[in-house]
Amino acid sequence: MLKIIIPTIMLLPTALLSPQNLIWTNTTTHSLLIAAISLQWLHPTYFPYKNLTQWTGIDQISAPLLVLSCWLLPLMLLASQNHLQQEPLVRKRIFITTLVTIQPFIILAFSSTELTLFYISFEATLIPTLILITRWGSQPERLSAGIYLLFYTLISSLPLLITLLQLHTQTGTLHLPTLELMHPPLTFSWTGIMSGLALLMTFMVKAPLYGLHLWLPKAHVEAPIAGSMLLAALLLKLGGYGIMRVTLLMGPLMNYLCYPFLALALWGALMTSSICLRQTDLKSLIAYSSVSHMGLVIAAGMIQTDWSFSGAMILMISHGLTSSMLFCLANTNYERTHSRILLLARGLQPLLPLMGTWWLLASLTNMALPPTTNLMAELTIMVALFKWSPLTIMLTGLATLLTALYTLFMLLTTQRGALPTHINSTPNSTTREHLLMTLHILPMILLMLKPELISGPL
């Protein structure tokens, strides 16, 4: 554990002390080395926990998410170089420091076996994210987006803290492996039901569940590219991961509490997919598509079968890479046309033909084309839900259809059609951008060959 966390913390002096011409090179190379070392966590073992220390441990559920979070730091640094070009050196240093500060907290949140440590690191990721959005966002609305993010997260997570304290007084421990071996501490009393709701609610807001998702499109649209990638690829996964961890503690109470959440998650997948068809803003469209994909993850987490957990794991990793790539592509368009409106940045394929290829690949993975891991995940979740209740196939089937529709709509609008009259010339795509897209698509292609690395408990 420490051989990843200590080099990650040492990125802070690297960012603060590197000379001006080497600041990006040093931090990106260092974080890529950390990402390479973190790949060893994917090595399967027969033990339930690897690298077990007193408070942290890595099992089949947390390992893929930990590797994803280490993998995305160099990509966020690569993506941010262009829009920070004009900033003075001090601000570049502060930006990189903010990004690096989030990383140890995310690693701790995904690997902690002690629920108190999990709560602290879960909440600590909020502050650097808030700084990223409110300081480096592009529009004045970034302040209201920051306030939405702050209050949604805080209001939902205070009940979680109270429940954790109550669980601790009741059972005497908050150590996850121990709690899983005990009798389920929550009963069918009012206290038990309210505690169960409080445990789930925090993660439902973070995931986000349809109805509690209003902070997400705002935060995504206003955030800089690194903020969008961080939100889509990692912070939403904290919600899904928390649901998978907490539902195991709730025992028979879950059989009754799952219905409203399941209904909202599946209905939300349908609704947000249809909202995507009416979007004019590219980043907003990708943000709403995240809500629809995470709806499937929540539904899978609620029914608690081996298949559904496995599908949720694969979908979280695949969606993390896909949506992050889509945000990078949207950002390359934004840097050239200075507009996120789909109609003002359409028909770009003749100008940037290679970018058109990346758009095609990202769109195909987003709409779950075979043989991508996205398809494998969606099928696994749909089969698990169908086994639980055959009626769910109507909602999941329609959501899949709408996902394909809005993805094609996005691809055709940005790449095809007549070029708008105000775009006369555009800068060529750079090697840095192609490297960034390659580092997104390469893990997806490699995971198609060996999906059991990320299939969680199965």
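Backbone N, Cα and C define each Cβ position, glycine as well.
Where the annotation comes from TrEMBL, it is an automatic prediction and has not been curated.
Listed ranges 21-41, 357-377; the one TrEMBL annotates as transmembrane segment is 21-41.
Contact between the transmembrane segment (309-330) and the transmembrane segment (389-412) does not hold: fewer than three of their C-beta pairs are under 8 Å, each pair 6 or more apart in sequence. Sequence-remote contacts of a segment are chain residues at least 6 beyond its ends whose Cβ falls under 8 Å from one of its Cβ atoms, and for the transmembrane segment (61-80) they are 4, 8, 24, 27-28, 31-32, 34-35, 38-39, 41-42, 50, 95-96, 99-100, 103, 106-107, 110-111, 224-226, 229-230, 233-234, 237, 241, 244-245, 309, 313, 316-317, 320-321, 324, 328, 331, 432, 435-436, 439-440, 443, 453-454, 456-457. Per-residue pLDDT, averaged along the domain 'NADH:ubiquinone oxidoreductase chain 4 N-terminal' (1-109), amounts to 94 for this model.
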